[in-house]
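Take a look at the structure set out below.
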Amino acid sequence: MSPQRRNQGPLLRFTKMHGLGNDFMVVDAISQPFRLRPEMIRELADRNFGVGFDQLLVVEPPGLPDVDFRYRIFNADGSEVEQCGNGARCFAKFVRDQRLTNKKVIRVQTARGVIELRVIRDGVVMVNMGVPELNPPAIPFAAERRKTVYSVEVGSQTIELSAVSMGNPHAVILVDNVDTAPVSELGPRLENHPRFPSRANIGFLQILSRSRVRLRVYERGSGETLACGSGACAAVVAGCLRGLLDNRVEVELRGGRLTIEWQGEGSPVMMEGPATSVFEGQLRLPGDAAGSRRRKPGRPHNKQRH
Ligand SMILES: N[C@H](CCC[C@H](N)C(=O)O)C(=O)O
């Protein structure tokens with residue numbers, strides 16, 4: 001986004017937010033026109049040359065009769081994805097702060113279904129994250145049949161993992177100590193493993209007790225984040241299915257704590273946690289930002305399998 005080109009396009013208003021340090025650029029695409037190519041999203045995600053964020057969250061008008069908004073999610077690599085739990089809490093705070101609604105129970109349509117956001121008080125939101133998907137083809141994960149723990153070959157290693165979808169795909173690996181877990185080495189190799197045809201978020205789970213865990217997540221399309229809401233949900237589901245956790249679990253992430261509840265197969269995962277606004281900003285997009293087909297030279301097109 002060269003400076004001289006910066007002054008050609010429209011001004012874009014946004015709010016910078018985070019959920020336990022998992023940070024977002026949030027855009028109201030109802031009150032202002034907004035459409036960005038993946039390359040532009042990658043530029044805006046850059047923490048030196050752009051705004052800097054793990055995900056871009058976009059608020060759009062509803063596409064279904066019984067929902068309040070459409071909720072679109074883009075990773076820092078520009079890939080559009082199906083779910084973002086920390087983002088959902090921030091979404092609820094954003095639409096109320098921006099006076100787009102005064103509801104305290106907000107139904108939003110994502111790429112993988114409808115989720116319900118319940119504002120407990122300002123800055124604290126409970127999200128019904130939906131029923132986890134465990135059947136391999138729906139995750140998607142390549143396996144002959146559904147198992148609680150799969151063995152996956154990564155180079156010369158065999159990794160034991162659980163596979164869960166919260167709308168987005170997750171692998172969950174048990175570790176003795178998240179502080180020494182091979183997040184940066186194993187995370188990207190599993191994120192892009194062929195058995196995850198849509199890639200995956202990789203969670204490293206340390207069990208402290210039946211109601212307390214620690215978790216680090218190497219996120220699909222963004223790398224390790226300080227917190228991952230859908231990852232916390234997937235980790236609790238995996239731990240419960242392994243018989244290691246009770247129904248209500250405190251998940252300690254590097255950015256803070258989430259409360260996750262799951263009553264077992266067929267029931268939705270409930271997540272409660274904070275949502276924080278940091279600042280409001282505006283930026284001028286390059287004149288051709290809004291989606292002309294001309295590709296920018298130079299940047300390798302990111303490997304996106306969506
Ligand atoms: N990286 C994720 C999207 C964001 C999830 C995370 N930030 C959360 O809070 O759930 C994916 O590609 O599925």
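Cβ coordinates are placed from backbone N, Cα and C, and glycine is handled just like the others.
Summarising the annotation, TrEMBL assigns substrate binding site to ASN22, GLN55, ASN75, GLY85, ASN86, ASN168, ASN201, GLU219, ARG220, GLY229, SER230. According to DSSP, ASN201 (substrate binding site) sits within a strand segment.
Taking the Cβ of CYS84 (active site, proton donor) as centre and 10 Å as the limit, one finds 31 other Cβ atoms among all the protein chains shown. Taken from TrEMBL, the feature active site, proton donor applies to CYS84.
The region 'Disordered' annotation in TrEMBL covers 282-306.
Under the heading compositional bias 'Basic residues', TrEMBL lists 292-306.
Within 10 Å of the C-beta of ASN201 (substrate binding site) there are 29 other C-beta atoms, taking all protein chains into account. Around the Cβ of ASN22 (substrate binding site), the same chain contributes ASP54, GLN55, ASN86, GLY87, THR225, LEU226, ALA227, CYS228, GLY229, GLY255, each under 8 angstroms and 6 or more positions distant in sequence.
The maximal spread of the substrate binding site, taken as the longest Cα to Cα distance among ASN22, GLN55, ASN75, GLY85, ASN86, ASN168, ASN201, GLU219, ARG220, GLY229, SER230, is 16 Å. Under 8 Å, Cβ to Cβ, and six or more positions away along its own chain, ASN75 (substrate binding site) finds ASP54, GLN55, VAL81, GLU219, ARG220, GLY221, SER222. A strand conformation is recorded for ASN75 (substrate binding site) in the three-state DSSP classification. Least packed by the Cβ count within 10 Å, out of the binding-site residues ASN86, SER230, is SER230.
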